[in-house]
Amino acid sequence: MHLLGFFSVACSLLAAALLPGPREAPAAAAAFESGLDLSDAEPDAGEATAYASKDLEEQLRSVSSVDELMTVLYPEYWKMYKCQLRKGGWQHNREQANLNSRTEETIKFAAAHYNTEILKSIDNEWRKTQCMPREVCIDVGKEFGVATNTFFKPPCVSVYRCGGCCNSEGLQCMNTSTSYLSKTLFEITVPLSQGPKPVTISFANHTSCRCMSKLDVYRQVHSIIRRSLPATLPQCQAANKTCPTNYMWNNHICRCLAQEDFMFSSDAGDDSTDGFHDICGPNKELDEETCQCVCRAGLRPASCGPHKELDRNSCQCVCKNKLFPSQCGANREFDENTCQCVCKRTCPRNQPLNPGKCACECTESPQKCLLKGKKFHHQTCSCYRRPCTNRQKACEPGFSYSEEVCRCVPSYWKRPQMS
């Protein structure tokens, strides 16, 4: 297939993806804003779709190989396809069976690119046209602007200069580093006063190239130190946050949006898109090294913490002990976060809870009350002082009345009353 034909197919698919269709805005998107309050105005479904479509268009225009193109359109299936190629061929397996839930148009388009010869042919043609140093012949006289009565033999030399196509009309293929080659030629001047004179001339030879914008070219030409300039990207006031499951970060509106707004599909209302981009199932992803479905984000048994273990089928941390609420006993409940039975008993103020025994325990005792000069009350679990029945109205000088012994005692015996 010719490269132009491939681009025509890709453009038609892009147009299909950009066609507006009836669709409801994701209700949960409002809860996952970054850098904005919940009270801020949410973009409507049309705005979100427009940004998503623009992102898709920019990604398609910026791809520079078949691998990048397929990664944008079919990320999970493309991983599986490359895995199967490394293992010796595309075989129908459990993961590929999920294709049955896709739309017929999408299956046909994806299946067309599973032909290895087509992919290889397109990729070879693509590589030939990329921006890179290419061997060219340059006219020596035109290169240096010599007088019309002077010419060189051979008239041309072979050097490397940057050439090829860029992925955007706003970019041009330019050299980022240059070396100089010395070549020996015959210089002839007419009228001929002497024979051809051997001369050594240095020619610029491009060693590396890059697609650059006009602004980057201007900066590089006018820079004292030649260096590549990083492309400027739009910056969000808030940092790129980790989005919830099935949501992706959008740099244009600086918030999380549902993945379905970003995914390529011929039918905007197809609710089976999520499975198309997730052939391994929920909480799993394809490991390109082993070609096996593994838990996302490198989840391992050690990541689950105490009292939990990793369920490799669901890729979720589950409780080891398999306890049920009925097994916890009276006044206890099963805590799914800690995977343990926790005490839920409510105790009176003067009988604090002992979490280990899950019992209300009295903190006072007859011995403790006696040391305070009080008596112990069993029903209330508290110390109390019995009132004096024969209280004296006055004590002699140097004495004071003691509520503890109900008599006058020397004042220096008096100690602060204990509650």
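We number each residue from 1, going along the chain as drawn.
Even glycines carry a Cβ here, placed using N, Cα and C.
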Disulphide pairing with CYS131 per Swiss-Prot - partner from CYS83, CYS173, CYS236: CYS173
Contact set, same chain, for the repeat '1' (280-295): CB under 8 Å, 6 or more residues outside the stretch: 76, 79-80, 82-84, 86-87, 95, 310, 312, 314-316
DSSP residue counts for the repeat '3' (328-343), split into helix, strand and coil: 0 helix, 8 strand, 8 coil
Whole-number mean of pLDDT values that fall within the repeat '2' (304-319): 81
CYS211 (disulfide bond) versus disulfide-bonded residues CYS131, CYS162, CYS173 - nearest by Cα: CYS173
Proximal but sequence-remote residues of the same chain as CYS162 (disulfide bond) (Cβ under 8 Å, at least 6 apart): CYS131, MET132, PRO133, ARG134, CYS173, MET174, ASN175, HIS206, CYS209
